[in-house]
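Colleague: Here TrEMBL flags A:107-128, A:135-152, A:158-176, A:188-206, A:212-233, A:240-261, A:267-287 as transmembrane segment.
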Amino acid sequence: MTTDHTTAVERRYARLVNLYPAHYPRDEILDTVLQSTARFTAREAFSLLTGAFRARTGADVHRGPAEFLQSATRLAALALLVQAAAGDVLRALPLDLTAILQSADGIVQYATAGLLALILHVTAIVTLTRGAYRVAAAAAVLGLVASILSASRFGGPWMQAGFGAAPLAALLAGVLACTRRRERSAPLWWLLAVPPAVILLPTGSGTVLSPALFIESQAFLALTAVAVAWSLLDARVPVAVAALGICNLITIMQVVLLNGIVGDAPVAAQVAVSAAPTLVLLIAATVSRRRSPI
Amino acid sequence: MRETTYFILAALQDGPLHGYAIIQRASALSSGRIQLATGTLYTALERLATAGHIRVVDEQIVNGRARRSYELTPEGGAALQEHAEQLAAAARVVTERRVTRAAVSPA
């Protein structure tokens, strides 16, 4: 085997090893993989990629049942806060300027409340990722109050698509505030998820942006598929996405119950179909937790 | 405890080893069944370290690169021993029954 070939293999592995966070022993990992094989193999490449991914997403830490539940609850609260913030975006003042200018019935207070809710939910995301659980819980509860005020503009807030995210997030953030263990991560990816979530999650954006109506209905299925695949690496992810599914299901159940059409077969079938992705996600999380290879 | 984890801990029971030596020892102890890829090994080492089952005991520079050795902690040794006893008890359910049946079967 030529030196050039060895150097090329080393360079290719080094690129993958550099994906690990800085606190990992990158030199040692590269040394080990080069001792294991003289060739660049798909098996080693895949294991380094998934290892780096696990390390970057916090899936490489040992968690007992209680720690796993707490960590999954934290991810679920963050996912719900992203959805709540995305809903606030639609109702916030600067984004709804046209409607405010054209309306004479005083909707400014609703839009202002929407902006306040957005700021509070973003604050909750940042503080929850940084480990300040009590501040996050306070921001999530205040954000919920502001969300209720802003969503009242369109009638009963509890019936609106995706509105369940704000109260569920406040509930989970409150539960986390009562625990002692703190996890910390970077808030950037959660904040970057808010703009696409406006269209991809059930936020009611379909009433404003008509193509979103189709996208929203399909996006959750795509998100479910991604989360099920992700469950092979991290069992917490399907739990977090299942929280979004439960939020969606609560809205559907309320619509069904308040319209008094319980027992109607097509409606029951619709509820069952709506619940299916959430059930699949919870099963994926359970299987992943039990069958983790490490 | 997963089988992979069991053999990583078992590889360390005779003393500290570095990454590649753990891969080789785990493979030998499992008669070649456990073939650890490097990424899998280091995720497992990180989890075992956070669980307090192993710790870094030594670091040397070989070929210009840091090479750390890992050793079992008393907690890791106890967890390994407990799991080995569970496996042995489970094995006895089958092996002792075979012996009993052989003893009582008519000649």
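Yeah, the Cβs are placed from backbone N, Cα and C, and that goes for glycine too.
Just so you know, TrEMBL annotations never went through curation; they're auto-generated.
What's the neighbourhood like for these features in this structure?
Modeller: Sequence-remote contacts of a segment are chain residues at least 6 beyond its ends whose Cβ falls under 8 Å from one of its Cβ atoms, and for the transmembrane segment (A:158-176) they are 70, 73-74, 76-77, 80-81, 83-84, 86-87, 117, 121, 124, 128, 133, 136-137, 139-141, 143-144, 147-148, 151, 201-204, 206, 216, 243-244, 246-248, 250-251, 254-255, 258.
Here the transmembrane segment (A:188-206) has Cβ contacts under 8 Å with residues 78, 81-83, 85-87, 89-90, 122, 125-126, 129, 160-162, 212-216, 219-220, 223, 244, 247-248, 251 of the same chain, all six or more residues outside its ends.
Residues 72, 75-80, 83, 158-165, 168, 172, 201-202, 220, 223-224, 227, 267, 270-271, 274-275, 277-278, 281-282, 285 of the same chain, all 6+ positions outside the transmembrane segment (A:240-261), place their C-beta atoms under 8 angstroms from a C-beta of that stretch.
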Colleague: Mind checking which residues reach the transmembrane segment (A:135-152)? Cβ under 8 Å, same chain, six or more beyond either end.
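Modeller: Beyond its ends, the transmembrane segment (A:135-152) has Cβ neighbours at 77, 81, 84, 87-88, 91-92, 109-114, 116-117, 120-121, 123-125, 127-128, 160, 163, 166-167, 169-170, 173-174, 176-177.
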